[in-house]
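Engineer: Quick one: the structure is below, and I'll ask about it shortly.
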Amino acid sequence: MRLRLRLPPPLRPPPDRTKPLFCIRAYSFSSSSSAAAAAASDDDAALRRSLSLLLSPAPFDAALCRETLSRVCPRRLERLLLDLGSSLHPEPALRFFSFATDHCGFVFTPRAYALILHSLFRSNLASAARLLLLRILDARAAVPLFLDDPDHWFSEIIHALADTVPSSDSPAFDLLVHLCCTQLRGRGLALIAFRILVDRGLCPSLKTCNFLLVSLVKSKNLEDARMVFDQMQRFVAPDVYSYTILIDALCKRRNVEEAMALFSDMERSGISASIVTYNALIDGLCKRNMLKEAFALKEKMVRISINPSIVTFGILINGLVKLDRFGDVELVLTEMEEIGIPPNVVIYNTLIYGHCKMGRPTEALKLRDKMVAKGIEPNCVTYNIIVQGLCDAGDMKQAEYILDEILSNGMEVNAGLFGSIIFWLVTKEQRLDCAVRLLGEMLLRNLRPNDSLLTTLIVELCKQGKHRNAIEIWSKMLEKGFGVNITTSNALIHGLCESGNIKEATGFLKSILERGIAPDRVTYNILISGCCKEGKICEGFKLWDDMIQRGFKPDIVTWNTLIHGLCRLGRMEEAIGLLNQLKDEDLVPDLLHAV
């Protein structure tokens, strides 16, 4: 039977609800006499009968529900529900809880919810149980709880689950840890829950403990993972997966000694290591340049009939390549061929990378040809390594040729390789058309050129009079959603001014402002200088006013430019007047102005 859990929806409390999410209520009773005690006992019996009816499969009686809830406080109702124990049926219970919270504003205790949760598991209704526990744990779900101490709400919920658990291996604990690690994104909460449970002599299953170990290791909480590993052994026996999780994490931290000690503990416990365990250890040893120990471990694998995989050999080859021991690499490759494990593209990429790193791109290209001859297709990683190696070795022509080959095959290229070759084309070869073409390929692949490269290209384009190309590149960058900094924009404005395109340069300032790029003092100085060189002193002073209006105080360069512009036009009185103003600004005029 599929149940629908009707609880208040997340982030939307039901109507007429003014109670806080976590609350503490006080209830008082006036009489303490034996007569009152007897009356209370009779009342308990009547309440049990009412609750039994409300929690039965019979049609729901809303009036009886309201009348019953008016006679109990949350703690008393919790006690009555505990008396019912395993006779609690989940579907009527959910119906009762939903009506009580939605229509009566009743606030249940964590233990009351825990009782329903356990009943859902008893009835194999895991999905409903998951939803209920998630709503209780997630404060955004707005499920109110009656708590003793709202500051420690999470601990109180865990204790409630432990207090009401029907058996020590309840699936509720597994669900709790999984939700904390995944839905609530709180491995800290998972750790709190785990500690409380083990302190109370309870523990999640081995599978869940391993899941928690993986979560902690992924979040780089190795110390906490080690604590969980030590504590779980009081209740469940770790398996090879448990050990391998920690061994791999220790090796990744380069703590190979502790990893080997844990490996020895595992063997003493009678647990056989898997090939994954061996690979993790061998990788850790290779990363520490302990190649002798790594190969010894590989030989041990063979002795106990665990065949090394291509991953094992790849790890060993990577370790040898790092130390430039290509002679030993050949021995490993021969061994692989003898046992029928041909090298794959990953191993070839490792070898190619090693040669490139050692400044031998020619050897890398030979390996590329060899793998093609063997029917192994180079991938984008292969080509990126080769092109980078050629760039590092200064063989840019060959790098450009390989890059074109990559592009023609539709493979991915990283932005750094594009940048290296474009920069070479611009600064060394002056082949701007090729540079612009490659930049277009970059943008087509949504790769952003760095600011330095972009500025260099625009400067060189402007020098060669290719302002239209420069403007198109600037516009395409913005169309792609890539920001263009003001330094690059200033380079373009400077290029336009140098070519006498003052009107276009001042219009470009407007484009910059419209695109949300903030100009700086340099922007205005470039434009004012361009106007003065063209004899357009009035436009220069308009830019001066705009500059001040935008909060930029003219510097000595600005003053020099305008004074020089006035002098060039023979307007000496105005120039002298401006020079006097300059002195009032506490700026020192240069020798040119004195003359």
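Glycine residues also receive a Cβ, built from the backbone N, Cα and C atoms like all the rest.
What TrEMBL records for this protein is below:
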REPEAT    239-273  repeat 'PPR'
REPEAT    274-308  repeat 'PPR'
REPEAT    309-343  repeat 'PPR'
REPEAT    344-378  repeat 'PPR'
REPEAT    379-413  repeat 'PPR'
REPEAT    450-484  repeat 'PPR'
REPEAT    485-519  repeat 'PPR'
REPEAT    520-554  repeat 'PPR'
REPEAT    555-589  repeat 'PPR'
Engineer: Looking only at the repeat 'PPR' (309-343), how are its residues distributed among DSSP helix, strand and coil?
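Structural biologist: Helix, strand, coil within the repeat 'PPR' (309-343): 26 helix, 0 strand, 9 coil.
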Engineer: Taking all residues of the repeat 'PPR' (450-484) together, what is their mean pLDDT?
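Structural biologist: Mean per-residue confidence for the repeat 'PPR' (450-484): 93 out of 100.
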Engineer: Taking residues 6+ outside the repeat 'PPR' (344-378), which of them lie with a CB under 8 Å of any CB in it?
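Structural biologist: Residues 310, 313-314, 317-318, 321-322, 324, 326, 329, 385-386, 388-390, 392-393, 395, 398 contact the repeat 'PPR' (344-378) from elsewhere in the chain.
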Engineer: Using Cβ atoms and a strict cutoff of less than 8 Å, what residues sit near the repeat 'PPR' (274-308) while being 6 or more residues removed from its termini?
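Structural biologist: Counting only partners 6 or more residues beyond its ends, the repeat 'PPR' (274-308) has Cβ contacts under 8 Å with 240, 243-244, 247-248, 250-252, 254, 256, 259-260, 263, 266, 315-316, 318-320, 322-323, 325, 339.
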